[in-house]
Every structure is written in structure tokens, then in C-alpha cells.
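Each remark here refers to the structure printed beneath this line.
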Amino acid sequence: MSVAESATADLGLPEEKVAELTIDKNDSMEKESDDEDGEEEEEAGEGEKTQKKKRKNKKKNKKKKKTGLGAAGQTSPPSIPVSQLFPNNSYSVGQICDYVDDNKYRTTSEEMRAKDRLNEQQLVDLRRAAEVHRQVRQYARSTIRPGMDLTTIAEMIENGTRTLVEERGFESGIGFPTGLSINHCAAHYTPNAGDFVEIKDDDVLKVDFGVHVNGHIIDSAFTMAWNDRYKPLLDAVKDATNTGVREAGIDVRLGDIGAAIQEVMESYEIELDGKVLPVKPIRNLCGHNIGQYLIHSGKSVPIVANRDQTRMEEGELFAIETFGTTGSGYVQEEGVCSHYAKTSDGQPRLPSAKKLLHSITKNFGTLPFCRRYLDRIGEKQYYLGLRHLVDQDIVTAYPPLVDIKGSYTAQAEHTFILRPTVKEVLSRGDDY
């Protein structure tokens, strides 16, 4: 590269201006032979002039980084993709928690900071997904009310997610079907076609939905109730989840986190119909780590004390979710299934199952889906094929999980990542 080309690249100057500066410098060199006495004065004057021009042009050509309107620029209902509100990937950073004790050094370690920079794109993806979650749930929390049916609520959340994340198949979209579980049903309920169950004034509704960008999933949930008598139950799961998030960290044992969650959960009680009831953790439900395109990636975070010595590790993404109940503290599968996920690469024998598997792989991969999603992509008369895939252990069914009838359950959940330098609670917002 020539001198002029280098200057053009460095200063952002047009080539004519660079040539002018170069000629000025050459002119001063020619005058050196004609007038040695004025050499220092001439070069100083020309050098000062050149430097002024450089400073002036640098200032003139400096581009301001666009900051965007942020979440405040969103419409109601939300309709603007977050990439337009946060240009240049300027998404909000989650809640930052410094490591303590043996990992305290990580916060200022140059080596850890260098490792952190290697994961920059993953963080951008996760923060974008988290921003979508916050904006969609903000609208949902202000809109959901008794009298609304579950299908309307699910479609409101899912269509909002699709719009804000600019759904593009495996590049960005819904992380898993929207969970809308009422009262004694704790998890894995989403309406199938024709399901128009309505929320009642005395219901306790769990809302659990996910957003992914390039397979990096944000999984977060909250509970809503319209009768103040359920506040202690909701407070219990919020407090327990925040405790789990606080206790989590690199090298922390999963069993120790469960013990801390259980202690907090069981410190709450609730009065219903004149009876004081303990709030119990649902011992066979737990949090989990999250892999790329995998909502459950192998590790489980208990919400009761156990002897699991497995440790959390640097770089892992986790969802801490806690469930409290006024019932038995144990859930079982019951009711019509709606949640499914492809979990193996087997080959079905039934022709209709082969066709359906191709469609599932093409549209969802290993991401969970529901029957409404199959309807949406145009699949028809698929139930026999779907059942065959489940029977062949190619697709796993996740039926609703329920405690005893007459009981009430609540859920709270956050997603965080154990970065090399800090723990970042990605899904944290002003609401919870």
C-alpha cells in the first residue's frame, strides 16, 4: 500500500487532500536546499499546519455510534423488533454478580477477560433473546386477566416473540411452547387446538416461555394471581429462585443449591380458607443447564437438599426454576399431552411417521414443539404418526405435571450464564 492509500485509510480523507498534504511536505524539503537558514521555521510551520488539518479532518469524519430508542421506544402491543430499538447489538447487559471467595480473582484477571471476549457473540445472542423476553412479558403481565382463554394468551405471547425476535427458523424464534399451567397443574400445559379454557378470578397461573437466537435460549417464568391471598405463595418462589441464583457459581455443588432453595421455600406459609398451610418445594421438579438448541442439557439443579456433588462449571448456561405448592410436594403426569421434542435420530417404520419426522426435523430440530405448532406449519392428521414416534423413543412426550387436585402451585425462573469473569443474570428485569 502506498503512503497516500495508508493516509486515506487512517484519516478517512479524500485522495486529493492526502496528495495536498504530501506535496506540502515535499515542498518544504525542496526549500531545504535553497534556504537552510529558514529550515526549522519552515518545517515547524508546515508540520503544525499539517497536524491541524489532520485533527480537523479526524474530528469531521468521526461517526457517532447509534444508540437507538431502547425498550422505551416499544409500542403497545409490542411490534418493533428489538434489533431496531438496540442498533449495533447494544442490548442491555443483565444483572452482573461478581464472584466471591476462591473465584474472586476472576473479576480482574486479564486471562479471564480474554476468555470472556471469546464468547462475545453468544452474549449478544442471549442478551437479544432476553430483551425480547422482557418486552413480551411486560405486555403479557399488563394484559392477562380473568376471562381470557389460554389459546388467546399463548398466541399473544408467541406472536409477540416471533415479531420482536424476527423469527427466522433456527436463526431466531420461540425457544419452546408457552406454558400456561393453572392451579394444581405445575408445568407442561399449553393449549391444543380447540382448547378455550378461561382464567378465573381465583386461579393461579404459571407463565413459562422461551426465546432463542442462534439456538441460545432464554428460559424464564413467572406466576400471576388476582386474589391477594396467594401472595405468600408467589413470594415464596420468587425468594427461593433468587436464592438459587445468588448461591450459584463456578464450582458450586448442585446439591448445596437445592438445600439453600429448600430452606427459603419452607420458611413460608399461606392461609387458605381458614387453614395455615406450609409452602412446600415440589421435590421432583428442578432447574437445568441449557445447551445450544437444547433446553435441558444434562445437569439438573434440585430445589431440595440432596447428595448431588456435581459442580457448576465456567461457561455454562443455567435456568434456576423453583416450584412451590400447597399440596403434596410431588407431581405426576396427567392429562392430554401437548409438549414434545425430538430426542434421537431413529428411523420410524410407519410412512406417516417418516413424513412427520422430516417436518419436525426441518422446522424444530431439537427445540421443543407442541401440537399447535404442527397445525401452524400445515401438518394434518398427524396424531398416529406422532404417537408412533413417541413409542419408538424418537420423540419424547412431556405431559402436564400436576400435584393433588385442590392444591395451588407457583413458579419463578431465571436464566444466567457463568462467564469467566462474572455471573450474568440475563433474564433479570424491573419486574422480577
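Every residue gets a Cβ built from N, Cα and C, even glycine.
Given the structure is predicted, the values throughout are model-derived calculations rather than measurements.
What TrEMBL records for His188, His296 is substrate binding site. Look at TrEMBL and you will find Asp219, His288, Glu321, Glu413 tagged as divalent metal cation 2 binding site. The compositional bias 'Basic and acidic residues' feature in TrEMBL is assigned to 14-31. Here TrEMBL flags 32-45 as compositional bias 'Acidic residues'. The compositional bias 'Basic residues' annotation in TrEMBL covers 51-67. Here TrEMBL flags 73-82 as compositional bias 'Polar residues'. The annotation domain 'Peptidase M24' is assigned in TrEMBL to 126-329. As annotated by TrEMBL, region 'Disordered' applies to 1-82.
Distance between Cα atoms for Glu413 (divalent metal cation 2 binding site) and His188 (substrate binding site): 14 Å, as a whole number. You'll find the Cα of Asp219 (divalent metal cation 2 binding site) roughly 11 Å from the Cα of His296 (substrate binding site). With a threshold of 8 Å between CB atoms, the same-chain residues lying at least 6 positions outside the compositional bias 'Polar residues' (73-82) that come near it are 91, 128, 131-132, 135-136, 139, 143, 156, 160, 163-166. In this structure the C-alpha atoms belonging to Glu321 (divalent metal cation 2 binding site) and His188 (substrate binding site) are separated by 14 Å. Here the binding-site residues are His188, His288, and the one ringed by the most other CB atoms within 10 angstroms is His188.
Cβ proximity to the divalent metal cation 2 site centre (mean Cβ of Asp219, His288, Glu321, Glu413, cutoff 8 Å) flags the following additional same-chain residues: Asp208, Ser220, Ala221, Gly287, Phe318, Ala319, Ile320, His414, Thr415.
When the alpha carbons of His188 (substrate binding site) and His288 (divalent metal cation 2 binding site) are compared, the span between them is 15 angstrom.
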